[in-house]
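Trainee: Grabbed the feature section from TrEMBL, which reads as follows:
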- 54-264: domain 'Serine aminopeptidase S33' (DOMAIN)
- PHE60, MET129: substrate binding site (BINDING)
- SER128: active site, nucleophile (ACT_SITE)
- ILE178: site 'Important for substrate specificity' (SITE)
- ASP229: active site, charge relay system (ACT_SITE)
- HIS259: active site, charge relay system (ACT_SITE)
Amino acid sequence: MVPKEPTTLVGVNAVAYGEVPVIDVLSRFHEQETDVPVLPGAEPFRHEGGEVGVLLCHGFTGSPQSLRSWAEYLAERGLTVSLPLLPGHGTRWEDMAITGWQDWYAEVDRELRALRERCAHVFVAGLSMGGALALRLAARHGDAVAGVVVVNPANKVHGLSAYALPVARHLVRTTKGIASDIAKADSAELGYDRVPLHCAHSLRAFFRLVDGELPQVTQPLLLLRSPQDHVVPPADSARILSRVSSVDVTEVLLEHSYHVATLDNDADRIFGESFGFIGRIAPSVGKEGTAAGG
């Protein structure tokens, strides 16, 4: 794989000084009410399968497109799958700028509760920030979550400028995007090319919150990570593994992929490892047959 320049989460090493945000209460409500179409490919995915459900959480500034193939793989094998579009994502970065971690977490929390009403066993999974969302769901919902799968999970906002976020977000509206850290030449992630600094600041607060709750994670955990990740360093996975209370822990290295590994060379391995993990925890998976439709 060709070496790639580090991006770091939220691109804080390459802050672009743009316009100063002037968003009053009225303009915020106007933006929220604007009917902006979802980008083609960024639509949420849901499939009604068997009694085992999986909630997939996409990453910061990304969209369900990054996890759609994973969702379809699980659905084809008979699982009930939910892959929501997080608030402010999948349209334009201006829509994301008026959201924060509370909005993103509330969406996946709702989806988990809906899956619990439908399924006997529910697993949570996620990529990058989606991994942090999944871990918090596991920490807060306890036995309602049967297991956790995370791919290149993020635990911290990185870069020297990250410490300037509390001030910078009032002076600079956006910074360079972090999408498409992928080794595979013909693959691309559908995500924003700009990151709202308000959201980066909110993300930093969310990671601190999740880090404090990691000891409450006791479920079986499958963590898959790329040694060559230009967005999230290996230290994040190491931190997570050192703080969770899970006894059943499996770590898998994705040697041929970068950060967005679900769209990269190791995607098939992620899909297979996750399905095997789910089947080991919930043996009924193998008896549910193959799903029809999507």
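The backbone N, Cα and C atoms fix where each Cβ goes, glycine too.
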Trainee: Work through the recorded positions one by one (PHE60, ILE178, ASP229) and name whichever has its CA nearest to the CA of SER128 (active site, nucleophile).
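Mentor: That would be PHE60, nearest by Cα distance.
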Trainee: Tell me, roughly as an integer, the mean pLDDT over the domain 'Serine aminopeptidase S33' (54-264).
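Mentor: For the domain 'Serine aminopeptidase S33' (54-264), the model's average pLDDT rounds to 93.
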Trainee: Reported as an integer number of Å, what is the Cα distance between MET129 (substrate binding site) and HIS259 (active site, charge relay system)?
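Mentor: Between the Cα atoms of MET129 (substrate binding site) and HIS259 (active site, charge relay system), the distance comes to 11 Å.
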Trainee: How many whole Å apart are the CA atoms of ILE178 (site 'Important for substrate specificity') and ASP229 (active site, charge relay system)?
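Mentor: With distance taken Cα to Cα, ASP229 (active site, charge relay system) is 12 Å from ILE178 (site 'Important for substrate specificity').
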Trainee: Would you mind listing, in sequence order, the residues at least six apart from ASP229 (active site, charge relay system) in the same chain with a Cβ closer than 8 Å to its Cβ?
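Mentor: In sequence order, the residues whose Cβ lies under 8 Å from that of ASP229 (active site, charge relay system) (at least 6 apart) are ASN152, ASP181, TYR258, HIS259.
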